[in-house]
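What follows is a single structure, written as structure tokens, with notes after it.
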Amino acid sequence: MPETLAGYEPAAAAVLPAAVRDFVAGGSGAELTLHRNRAALDAITVTPRILGAVDQPKTTTKLLRTPCALPLAVAPMAYQKLLHPEGELLLAAAAAAAGVPYVISTLSSTPLEKIAAAAPSWFQLYWLRDRNLVGALIDRATEAGCHALMVTVDVPIMGQRLRDVRNGFALPPEVIAANLVDKYTEAHKTPGTGSAIAAHTALAFDPAFSWRDLEWIRRRTDLPLVLKGILDPRDALTALDAGADGLVVSNHGGRQFDGAPAAIDALSSVIDAVGNEMTVLLDSGIRSGADIVKALARGAHGVLVGRPLLWALALGVPADALTTLGRELRDAMLLAGCADLTAVADLITGRD
Ligand code: FNR
């Protein structure tokens, strides 16, 4: 078993088909933003405190009213049956065991109701051309007991993932977008030229998503509302005005605009704008407990973890990966002299 969270990637890469590995690992364009996420996190320093008599660091918190044993949630990620036959249900069970929320993707390959029954969940929403379908998804997520609605705002179109284009990537017959059986479903399956996933997105997603549409969503649900994919503090302020409760500062793990800043570099200005009034989460490149300490020391209230958990799912052991990450976080807190997450938020950060 890998001894670090980051170690699951090479272990899984050895067992996965190349096209699936590329679909998970890849970014858009020349993958500049993908690499920038890691380079920026690596460059951050955190200055430890000493002699604080810390024995058992306390990692518990609340994110969007959901109690969390660790300051994180499992990022929404599509089509998890590509990685393991049990797909979403295995990763959601691991999240439940670890005491962290699982974010169900609009594009989950298991119906959202089944996942929500397996773990405390939030639901991630994409803005689709079919407004009735969007409304139905919000209603289904609410009825299934999801605790928050996370609206992804950085996918008007899919960033061009060249690895998928070159692989002619299409979903195998047994993997479907289980929540969206609609007239576009077949597009996923048709290996033509390029990526069938991108072809499906182009048909089903509405690129003209606007703040007015967001108001419609806000009126439609009482669930805590989170916008995922914010990088500019002006958008953060507009989101606050529009009644959003939280944000995910994110560049979609380097999969959307190739040229966007590292998410961790965009965090401070968003925190300065809205950090006292909204729950601000960060994703894109989190690979260790020390990375979580860096994000929280820079003002995030929690993080989303993406690809490392898919690599662990591919190996059938996502619960082990979350246990490893929890241990890494507690070790990092001990080494930095932090008894709890408030002390982490108070650490001084710098840059190489
Ligand atoms: C994603 N991501 C994503 N985001 C979203 O809002 N809805 C989705 O369906 C998906 N699907 C998806 C599939 C795969 C294979 C990946 C790798 C990512 C983006 C995801 O939620 C998150 O923003 C990034 O993965 C975070 O970066 P790291 O932790 O993977 O570096």
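Numbers here mean position along the shown chain, with the first residue as 1.
Glycine residues also receive a Cβ, built from the backbone N, Cα and C atoms like all the rest.
Pulled from TrEMBL, these are the features on record:
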{"type": "ACT_SITE", "residues": "H252", "note": "active site, proton acceptor"}
{"type": "BINDING", "residues": "76-78, S105, Q124, T152, K228, S250, 283-287, 306-307", "note": "FMN binding site"}
{"type": "BINDING", "residues": "Y126, R161, H252, R255", "note": "glyoxylate binding site"}
{"type": "DOMAIN", "residues": "1-352", "note": "domain 'FMN hydroxy acid dehydrogenase'"}
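Taking the features listed in TrEMBL, we show where each one sits on the structure.
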residue: P76; record: FMN binding site; Cβ neighbours (10 Å): 25
residue: A78; record: FMN binding site; Cβ neighbours (10 Å): 18
residue: Q124; record: FMN binding site; Cβ neighbours (10 Å): 27
residue: R161; record: glyoxylate binding site; Cβ neighbours (10 Å): 24
residue: K228; record: FMN binding site; Cβ neighbours (10 Å): 24
residue: R255; record: glyoxylate binding site; Cβ neighbours (10 Å): 23
residue: D283; record: FMN binding site; Cβ neighbours (10 Å): 27
residue: G285; record: FMN binding site; Cβ neighbours (10 Å): 27
residue: R287; record: FMN binding site; Cβ neighbours (10 Å): 23
residue: R307; record: FMN binding site; Cβ neighbours (10 Å): 18
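Reported as a whole number, the C-alpha separation between A78 (FMN binding site) and Y126 (glyoxylate binding site) equals 11 Å.
Rounded to a whole value, the Cα-Cα separation of R161 (glyoxylate binding site) and H252 (active site, proton acceptor) is 12 Å. DSSP assigns the residue listed as 'active site, proton acceptor' to a helix in the three-state reduction.
Of all the recorded positions given, namely Y126, H252, the one with the smallest number of surrounding CB atoms inside 10 A is Y126. Spacing of R307 (FMN binding site) relative to H252 (active site, proton acceptor) is 11 Å (Cα to Cα, whole number).
Per-residue pLDDT, averaged across the domain 'FMN hydroxy acid dehydrogenase' (1-352), gives 95. Taking Cα separation as the measure, D283 (FMN binding site) is nearest to H252 of the recorded positions Y126, H252, R255.
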